[in-house]
Ligand code: S5P
């Protein structure tokens, strides 16, 4: 049996049992993009404007909804409308890490009601598999998907060795059907040869074409290193795309900044897709 990395996204979509992962793979194949934009901005209008600008080029919008200062449910409604307009899924990067009961309440309730609008979310396995069961109780009836943080991009991350392996083992033996992949830097499910048990997605942050890192430990690799060399499936790009909005120049002239944001989206989409075509031998 051959590695998951040699299969096309469309082929994998056809056999994917998790509804959210299936929809994501189908969207990737349809739009020819493996780019997810991480929209880490702190006001509602900027968040929506970035999504509108890069929407045509992405398969997935990743949010940190708790950093939005003027959050309200109208933001969620508008974001959902944009996801339909541009054909992308939504991933709330909540990184749940509590006991099952608390995680399930954090996922379903509170101000943000994440499960009601986010197709995909993620969790640390630190509390053990009960975090999966707690979240699955809420997410499975809604056809959502869960990613486990098996590896992180920041310098000195403790997500390695037996911890990473435990994430892989839990994902493979998950009986809820909720776990559909990982946040990871490499093809963690194929460390010991091809994964023939269960198709799992690998979404990878720490992607940048122009810089190697930031002043707070983030480490960047190129789309080619991530998709072709490391066999990951989706590139997650934040400041590499919306960065032009954050400069003094960008704050003064938002219109010009959004032109650049759109261009960066196109640039990362192209780089990610070329790396994928090279990986599956179509280029
Ligand atoms: O290991 C990780 C996991 C995640 S989800 N490293 C990360 O950087 N992330 C997230 O990806 C992080 O929270 C941020 O939202 C995004 C990377 O942003 P960038 O601006 O550095 O591209």
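From the backbone N, Cα and C atoms, a Cβ is placed for every residue, glycine too.
Fair warning: this is a prediction, and the values are worked out from it, not measured in the lab.
Here TrEMBL has 40, 153, 218, 238, 239 binding substrate, and the candidate from 62, 191, 260, 269 in that same listed site is 62. Looking at residue 218 (substrate binding site) and residue 93 (active site, for OMPdecase activity), their Cα atoms lie 16 Å from each other. Less than 6 Å separates the Cβ from ligand 1 in the case of 93, 239, drawn from the recorded positions 93, 95, 98, 239 in sequence order. Taken residue by residue with DSSP, residue 239 (substrate binding site) is part of a helix. Taking Cα separation as the measure, residue 62 (substrate binding site) is nearest to 93 of the active-site residues 93, 95, 98.
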